Amino acid sequence: MSDQSELKNMGLKATFPRLKILDIFRKSDLRHLSAEDVYRALIAENVEIGLATVYRVLTQFEQAGILTRSQFDTGKAVFELNDGDHHDHLICTNCGTVFEFSDPDIEKRQYKVAKDNGFVLESHAMVLYGICGNCQKGR
């Protein structure tokens, strides 16, 4: 499906800023991008889209389900393409790199903990903080 069709299916017009920002996410080597990351990528491509427009489009994409937002301890929101698969995150407290992982045993345990405490789990997000392998090598 083309980006134009995807946006239209989500109820959004396929404007130049929306198409360009979606393209940035699709071709980025990084999976998690802040508004500032997107803005810098646009500048690097000599595309004139203001930071306020970037924030507005990211919010629209989040509301439409195209992107998901995470707020890690870094204090700034980061966005990633919503592929529909649940995953958790490991964050390096030294360099800020975000690693994704999925573990079925952890998922089962979380549902059990919720059930054992009288909860029906609707949603969850697990974020683990530590030092990544690359940063450990530099110590």
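Please read every residue number as a count from 1 along the shown chain.
Note that Cβ sites are derived from N, Cα and C of the backbone, with glycine treated the same way.
Per Swiss-Prot, the Fe cation site holds His86, Asp88, His124; the candidate it also names there, chosen from Glu62, Glu107, is Glu107. Among the binding-site residues Glu80, Glu100, the residue whose Cβ has the fewest other Cβ atoms within 10 Å is Glu100. Among the binding-site residues His32, Glu80, Cys95, Glu100, the ones whose Cα is located within 10 Å of the Cα of Asp88 (Fe cation binding site) are Glu100.
When Cβ atoms from all protein chains are considered, those within 10 Å of His32 (Zn(2+) binding site) total 22, not counting its own.
For the region 'Dimerization' (84-139), the mean pLDDT of the prediction comes to 90.
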